[in-house]
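The compositional bias 'Basic and acidic residues' annotation in TrEMBL covers 68-80, 162-174, 210-219. The feature compositional bias 'Basic residues' is assigned by TrEMBL to 90-102, 126-137, 220-248. Per TrEMBL, the feature compositional bias 'Low complexity' maps to 103-117, 138-147. Sequence annotations record features per position, and here TrEMBL assigns region 'Disordered' to 68-248.
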Amino acid sequence: MGKRDNRVAYMNPIAMARWRGPTQSVGPTIQDYLNRPRPTWEEVKKQLENKKTGSKALAEFEEKMNENWKKELEKSREKLLSGNESSSKKRERKRKKKKKSCRSSSSSSSDSSSSSSDSEDEEKKQGKKRKKKKNRSYKSSQSSTYESESESKESVKKKKKSKDETEKEKDIRSLSKKRKKSYPDDKPLSSESSSESDYEEDVQAKKKRRCEEREQAKEKVKKKKKKKQHKKRSKKKKKKSGSSHKSR
């Protein structure tokens, strides 16, 4: 099988542009921009002089506006000066009134201070009595809450103990029944010693079973990992052998 010919002919862009010919220009050219009509030096001087002098109408308008502003400023100054004088007079009147009121209040305060001291003493005494009553009620409420909490805790503990005892008795009974079924000819031992020993043996047997199950699970995981590693190594060897055959 031969290779496909993907070669492309090279075209020189400069030769292609010459073959196409000159492009048609759209809009004004550079020559048109250079040949535009321009003012003479004398005309430029006249335009500059006119800008410096400015128009007479504008100057007259500015003068009128300045005169109006001056008049308005004078009016506003007069208003402010008159307002300041009136405000100063009002302040003086207020000060005089305050002085009179202070003198009258000082005479009345001496009479009221004696009565107010007596009323304050009575209020303090009543406040102390109220605080004592509140403290007593608060202490009584706290003691009742502590008692209720302690009773509830004791009841919970008793319930837990009773549940544990009932569960132990059930386990002992079930073990004794199993023993009787498996060994009917043996003589019955004391119920308490046999039940306790059976319970301990069952607990130990359960622990051993759990340890054995954990070890078996670990061994299974290790075997799976070894199998995966062996498969990966075999795949790598196959790839290496295939590449070597191809090179030969």
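Count begins at 1; order follows the chain as displayed.
Placement of Cβ uses the backbone N, Cα and C atoms for every residue, glycine included.
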By Cβ distance under 8 Å, which residues at least 6 away from the ends of the compositional bias 'Basic and acidic residues' (210-219) in the same chain are close to it?
none
DSSP-assigned states of the compositional bias 'Basic and acidic residues' (210-219) in counts, ordered helix, strand, coil:
10 helix, 0 strand, 0 coil
